[in-house]
């Protein structure tokens, strides 16, 4: 904080007049405002610029690459300054928000012409990372959440529950949840708040890197006050109708959140009209590891594409894209919602051409972002082009509703959406009459209110716009009336409007002419008519802008009662757009509607990984069958063979089915699924002081503790990072526990071939492998899942493909042969990594390997053409081509 601010504030931000005595009046005003926002950058309006002073200026100059200047002094201290043009402030605010900073926008609210001393100023809004509503500060396709966190304690003073309340201020969507303390990390990973509000005692509970943290006084989280504040906000006597009356810490969090959000906007939150209480049992559980490993909305490298979201997002509106992101992270457990969505997709695909999918999507492309426009409307910050876009959208809704109405009889969900697309009564008429067809970007620029809406404004505009013509007409009339042929009617900024007559013609001047200025060769006059026009003309533009501002404000006020209706339309448009996008993906990518069954089971016929399939020329489809008699698949095969792809595609297809999308398969059937777990990949946690193996075991522990018979578990290469015997023992024990205790659907990929003996002990386990064909010392991956275990991992061949030098590969091959001989002699599973091994002579390693027959030739010799079906023959051609290419590559080496 600036030392000047510190001088004038105590710990409770109480100001003392003595602290201001040595400062100029303007700096006194600034310092008082800054004292109210000590942790926030204050943008102080001065004419056409926003200025920042002292340490704020230094910080802004560093973050925004501004020029830091020093002008004058106050109280003997040089005033450091940095500024940005007022018309470009949004782009600078956007940069600050990305840095996690907040900014208080301090505007001039007084009239400079009438002010004595500094013009009156006040902070009209505070821009923080979690309270963004302006289009320039928001990403079109993702939401920004402000979250408040309240820790509840039991009688012993131990944290027993955490209440969460999070708000999307741009749309007004408010949600509450109460969770156990150990679930906080997963909840924050799912919500991904941009800003977290917490009292001092609760900040320690927030995991690092989960959003900007803002300290809020503890009394803001009072549960009783929060409950009452929620009732006041929603205009209800009780929260029973929302299922929130019995909540405690969540209501306390909501109270703090509403206080903070309203304070940043400087007004009430009119668009926060409902809330939703989220329960863990409502959605399929996805922990942070699963969301990351399945690459739902972000790749493992941190990019937005290629992901499931980027593949599915062909939405025509930003609202649909944001809803897609929400659906992917909130798949409902109950299949009813998904079945309704599947039915709607089918109806869209089967619709007649004139009202079909392409026609519907073409109409949706003309739709504006009604959701965010409504949010700005409720906060009275909507701009003219927001209202014109809202008008044009409402005008397009009748035709859109007609298209949906023709399809709706075949899908109940579409019937519900058709009803939601009716504009609030009177809104379209008001917007059509009041807003110009193509308004200016800002009200201050004029040209926003339509002609014919207000007679006074039309007159002021006519005066301002027709000034030149009036002067020409007056000059013509006065020449005729006075008989002075060279009489001129003109204007200058010093004397205003005047009639100029040369010295030789002054005797013809009428009596109603009043002398305004005497020149050497002429006299300048004013008449009552010209004076009246001058009074109107000189103030017409200013008065027109003021009148337009007042009319615009009245239009905003007139639209406020229709906020809920606009939100209903926005919700309907978003869902319709997303269902249409799902239908387009199903048609384009040849996806099918999945089925839901009551029995335990996952059956996927010819399933494909949706994202990988879009990236490769040819994708090999595979089946997956899990049921009460087949609960665990032990997956073996070479690295690069497709084990992880097969596992991920199974989880993604299941997730897509419950989200409500069609799926990439020939057919798919799913029983109940309550959670999806993944233990895939290797990564350490340096910040948390955890090794790769520790991270792996932590994730495995969570699965073993929480998985149920309705959970889908993906386990990939469990047991790495320690000695062979330790890893094998852990993998064996974990697989047994999943079978005997959790009894969940499990895909268990491993290179421990000893585990393939597990089905002998547990009939619910089965072996499958990813096929590959070995050619000499090379390998061709076929990516086909086949029954039974693999016979080896082909690790050396994969290393060769990766570019490991040939001498190293040959040395490894010699050493492998020795290990295999030793293993056979000792009849042990696999040797401990830390056991001493004999060294192979390096000269032997440099000897070239013996030539091997071409793999394509071997494959051809082994097949029986009479047994081939047409589809098998086609698959064989692709296989032979792959073998031929591999052989050519090996020959080049």
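The backbone N, Cα and C atoms fix where each Cβ goes, glycine too.
Since the structure is predicted, the reported quantities are computational estimates derived from the model, not experimental observations.
According to Swiss-Prot, the feature ATP binding site maps to 637, 638, 639, 640, 641, 642, 643, 644. Other Cβ atoms within 10 Å of the Cβ of residue 640 (ATP binding site), summed over all protein chains shown, number 18. Residue 640 (ATP binding site) falls within neither a helix nor a strand when secondary structure is assigned with DSSP, and so counts as coil.
The Cβ neighbour count for residue 639 (ATP binding site), using a 10 Å radius over every protein chain in view, is 20. Around residue 642 (ATP binding site), taking its Cβ as the centre, 25 other Cβ atoms fall within 10 Å, counting all chains. The candidate set comprises the binding-site residues 637, 638, 641. Of these, 637 has the most other Cβ atoms within 10 Å. Listed in sequence order, the residues 645, 770, 772, 781 complete the 8 Å Cβ shell around the ATP site centroid, once 637, 638, 639, 640, 641, 642, 643, 644 themselves are left out. Within its own chain, residue 644 (ATP binding site) has 680, 716, 749 as residues 6 or more apart in sequence whose C-beta sits under 8 angstroms from its own.
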